[in-house]
Amino acid sequence: MKALKERILRDGKCFEGGILKVDNFINHQMDPVLMKSMAVEFVRRFASTDINKVMTIEASGIAPAIMVGYLLELPVVFAKKKRPSTMENMLTTMVYSFTKDRSYEVCVSRDYLCPGDRVLFIDDFLANGNAAKGVIDLVQQAGAELVGMGFLIEKAFQHGGDYLRQQGIHVESLAIIESLENCEIKIRE
Ligand code: G4P
Ligand code: NA
Ligand code: NA
């Protein structure tokens, strides 16, 4: 997606360890106009997919997910990273975070992820795909179906996307970063 690629080149910043900071328009300050355009692009790319629910993981996935849910007029459920003391009827999975080198629990209520749901998962970044694997596990536990995964930014050099596509999942990424070597942002054409 042209507008996103241009914005990454303009405002994105490279950090040690293959990290791309996009705090100017996604992860700290947010640009709702660009966010809406990105949601419109997801709706276009998943137009032939039968979806009844949008899902994400807190926190940074919520903004793009709610824009997509708004356009599709579908509910948006976000998996939580801290088990709420009062939440019953919960599905949980463990996610290993590469950037933090530790595992954390992710959970969602069976009340909002239900058997037969046709789930479109939306998130800001796809890196190694560990968060995505956790979502696949939650969706399976719920007896729901994962019909697609949409990411604003995929880092191709971390290969989470390869894994998901090999699983036969319909993956759409609006910008694919080939490399961040030598602090130079290379985006796939
Ligand atoms: P993975 O899920 O694909 O395996 O990735 P990883 O464990 O490395 O990612 C952990 C967190 O870091 C995720 O957010 C992910 O979105 C984010 N992340 C991964 N690579 C980058 C990057 O290059 N730039 C930025 N800005 N973020 C990246 P999170 O910690 O779960 O938090 P939240 O921001 O959604 O709350
Ligand atoms: Na995220
Ligand atoms: Na993040």
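Each residue, glycine too, has its Cβ placed from N, Cα and C.
Because TrEMBL annotations are produced automatically, they should be read as predictions rather than curated entries.
TrEMBL has this to say about the protein:
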type	residues	note
BINDING	LEU20, ASN27, LYS155	xanthine binding site
BINDING	ALA127, ASN128, GLY129, ASN130, ALA131	5-phospho-alpha-D-ribose 1-diphosphate binding site
DOMAIN	50-156	domain 'Phosphoribosyltransferase'
When distances run from the Cα of LYS155 (xanthine binding site) to each of the binding-site residues ALA127, ASN128, ASN130, ALA131, the nearest one: ALA127
Between LEU20 (xanthine binding site) and ASN130 (5-phospho-alpha-D-ribose 1-diphosphate binding site): CA-CA distance (Å): 17
8 Å Cβ shell about ALA127, ASN128, GLY129, ASN130, ALA131 centroid, 5-phospho-alpha-D-ribose 1-diphosphate site members excluded: PHE98, LEU126, ALA132, LYS133, GLN158, GLY160
Local backbone state of ALA131 (5-phospho-alpha-D-ribose 1-diphosphate binding site), from DSSP in three classes: helix
Inter-residue C-alpha distance, LEU20 (xanthine binding site) and ALA127 (5-phospho-alpha-D-ribose 1-diphosphate binding site) (nearest angstrom): 11
Distance in Å spanning the most remote Cα pair of LEU20, ASN27, LYS155, given for xanthine: 16
Nonlocal residues around ALA131 (5-phospho-alpha-D-ribose 1-diphosphate binding site), in sequence order (Cβ under 8 Å, 6 or more apart): ILE57, VAL95, VAL106, ASP123
Cβ-based neighbourhood (8 Å from the centroid) of the xanthine site, residues LEU20, ASN27, LYS155 excluded: GLY12, ILE19, LYS21, VAL22, ASP124, PHE125, ALA127, ILE153, ILE177
ASN27 (xanthine binding site) and ASN128 (5-phospho-alpha-D-ribose 1-diphosphate binding site), distance between Cα atoms, whole Å: 18
